[in-house]
Structures are given as structure tokens and as C-alpha cells.
Amino acid sequence: MFHAQILTLFPEFFESPLSCSIPKRAIEAGIVRVDAIQIRDFATDKHNRVDDTPYGGGPGMLMKPEPVVAAIRRARELHPDTHVVMLTPSGSRFTQAKALEFTGKPGITLLCGRYEGFDERICDYVDEEISLGDYVLSGGEPAAMCVLDAVIRLLPEVLGSPESAVLDSFSEEGILDWPHYTRPEEFEGKKVPEVLLSGNHAAIEKWRHEQARLRTSKRRGARVDHDEK
Ligand SMILES: C[S@@+](CC[C@H](N)C(=O)[O-])C[C@H]1O[C@@H](n2cnc3c(N)ncnc32)[C@H](O)[C@@H]1O
């Protein structure tokens, strides 16, 4: 079983996304277990404070090292092999390859920040710093949920059809998914491309790969083979 632990000030944030669809099924099937650890339980003062003002001045508050590091230690005690990931806008960009890499670990611990982020010394206690992208969320919880969701759907036996994960965007060297169509054949004057109705599997395969590369080139400026330009 894959163990996910979430270090957070808002455990309730995860209740709804984990109680529907694929994550719910994966938990019920015993493929993944998710435990939230409340960082505030590790506060050391009588007011249960987890934040404090930054040295040198400036706006906002920072997550204090004592409770956060104590929570990380607790997570490592519970699961000594866990891989501790700090969610921070300054981390390495999260990718499909990273999600796949995480599935090879016995478990992950996702550390969610709030306020203006973490006291820098906390970074010495984590294995990796991950960012969801170049924008700022109000807390690490939505980022942790995205990481968790991306990892869960790649765990063996989670998807009804394992080939859908293999065919997803980014699974092939950063190439986006091709366009998909379902019934009706014509919708408000927009027709399904002829080739998809042809029954010619080789032509369909070729068209899909061409479309995926063209779309990747247009939207990401990534590579496109010469004959498809
Ligand atoms: C308001 S943000 C702190 C932003 C920080 N002052 C900065 O500019 O980098 C609070 C918390 O949200 C989470 N967070 C915000 N944006 C994120 C992103 N793009 N990726 C991952 N975590 C993010 C982090 O856990 C962060 O500690």
C-alpha cells in the first residue's frame, strides 16, 4: 500500500477531494492510505502558535521551525521510508515524470505552508521542494492535493484502463494529448474529423500523433518533427 501523509493546518481541506471519484476508489480498494497530521498539534507555546513575524521586517508571518520540524519528525517516525516534500513556489516544477517517480516510493509526506511561507531552516528537514507552477496559492493544500491526485491515478490498479495513463499528456517526452471527440458526429456545425470515422486504425494513429505534436508545438513551443511542420 502507498502511504501518503499530509502535514497541514487544514486537514479538513482534503476531505471532499479524497471522498470522490478516483482517490476515493483507490482508498477504498486499499491501494493508498492518506493520513493528515495537524501541524498545530506540535506547537510548543501555550497559544499553539505556528507562525511568527519575519526577522528583518516585512509583511506577513512565517511558519515557525519548531512545530513544523516536530511534525516532519512525527511523519518520519510513523513511516521511516517516507519521502518528505515541501510545497513551495520556489521549488522544482512538478511534472508527470515526478508524479511517476513518486509512485516508486513507499510513500510521500506533503508539507503544506501558509502565511508567507516557511522559515528557511525548515528546508534542511525535507527531501525535496516542489512547486506546482509559477503562481502563488494562498496555501500548500491545493498544491498537495494536485500532487496527490496525480500520483494516485498512476498507482498500479487504480485506473480502470491502465493504458489511459500511458496515453495522457506528457507521458511521451512532454507531448500533449491529441484532440478527442465523442458523439454526436456533428455539433453546431462542427464535425468530427473524417479520419476518426474511417475505421482505418493506422491512419487514425498517424493523425493522432501528428495532432499531438502540432498542439505541443503551438501551445508549448516544443519540438515538432520536420514533416509535421
Ligand atoms: C502565500 S504562499 C507563500 C508565498 C511566498 N511568500 C512566496 O512568494 O514564494 C503560502 C504557501 O502556499 C503554498 N504555495 C503557494 N504557491 C505555491 C505553488 N505555486 N506551488 C506549491 N506551493 C505553493 C506554499 O506551501 C507556501 O508556503
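Just so you know, glycine gets a Cβ as well, placed from its N, Cα and C.
Record check, TrEMBL: S-adenosyl-L-methionine site residues include Leu132, Gly133, Asp134, Tyr135, Val136, Leu137, and the candidate from Gly113, Gly160 also listed there is Gly113.
In this structure, Gly113, Leu132, Val136, Leu137 are the binding-site residues from Gly113, Leu132, Asp134, Val136, Leu137 whose C-beta falls under 6 Å of some atom of ligand 1. Less than 8 angstroms from the CB of Leu132 (S-adenosyl-L-methionine binding site) sit Leu87, Phe94, Pro142, Ala143, Cys146, Val147, each of them six or more residues away in the same chain.
Remark: of the binding-site residues Val136, Leu137, the most isolated position is Val136 (fewest other Cβ atoms within 10 Å of its Cβ). The highest number of surrounding Cβ atoms within 10 Å, among the binding-site residues Gly113, Gly133, is found at Gly113. Sequence-distant neighbours of Tyr135 (S-adenosyl-L-methionine binding site): residues of the same chain at least 6 apart with a C-beta under 8 Å from its C-beta are Pro89.
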